[in-house]
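According to Swiss-Prot:
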type     : residues       : note
BINDING  : His124, Tyr128 : heme binding site
REGION   : 132-171        : region 'Disordered'
TOPO_DOM : 1-7            : topological domain 'Cytoplasmic'
TOPO_DOM : 29-171         : topological domain 'Periplasmic'
TRANSMEM : 8-28           : transmembrane segment
Amino acid sequence: MNRKQKRLAVIAGGMGFIAAAVLLVMFAFSQSVAYFYMPADLAKTPVAPETRIRLGGLVGEGSVVRGAGSTVEFSVTDGSANAVKVKYTGILPDLFREGQGVVTEGMFAPGTNVFTADTVLAKHDETYMPKDVADRLKQQGLWKEGQGGQESPGKEGQGQENPGEEAKATQ
């Protein structure tokens, strides 16, 4: 090999290495991404079973049913007629209650319309509404003035009196 061919081989090998690294990073991110949905979104476009998503909204009034052990079933609603039944096994945050803003993460069980959550997030203030949920309610025209009690913070911790008081429960 002459000098020109060696240089071409090194450049081609380097580009191949970079392409492989980019593909591996893209694959890793695609496996860990959980898209955010509200019940109205799921009514329009169902999600394939065993696809990991985040489901946000309000815990439906009168929907919390405690089962055997630490299993809890409740509905997540977005203020419209749409509601999604959620099943969670684990310890719920102390601040979890009906009418509270909640974000759950998990997937739909195959062959059912039940969302099986493995993470439940609830916020400290009864007037707090997660930013994603508040934005979606505004888009759908379901937002009521005074709901949420505050403007959605632009950055984590801004606009909250006690930003560290987020409750998280993970199985």
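Residue 1 is the first one shown; counting continues down the chain.
The backbone N, Cα and C atoms fix where each Cβ goes, glycine too.
Remember, predicted model here, so these are calculated numbers, not experimental data.
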- Reduced to three DSSP states, the topological domain 'Cytoplasmic' (1-7) has 5 helix, 0 strand, 2 coil
- What mean pLDDT does the predicted model reach across the topological domain 'Periplasmic' (29-171)? 76
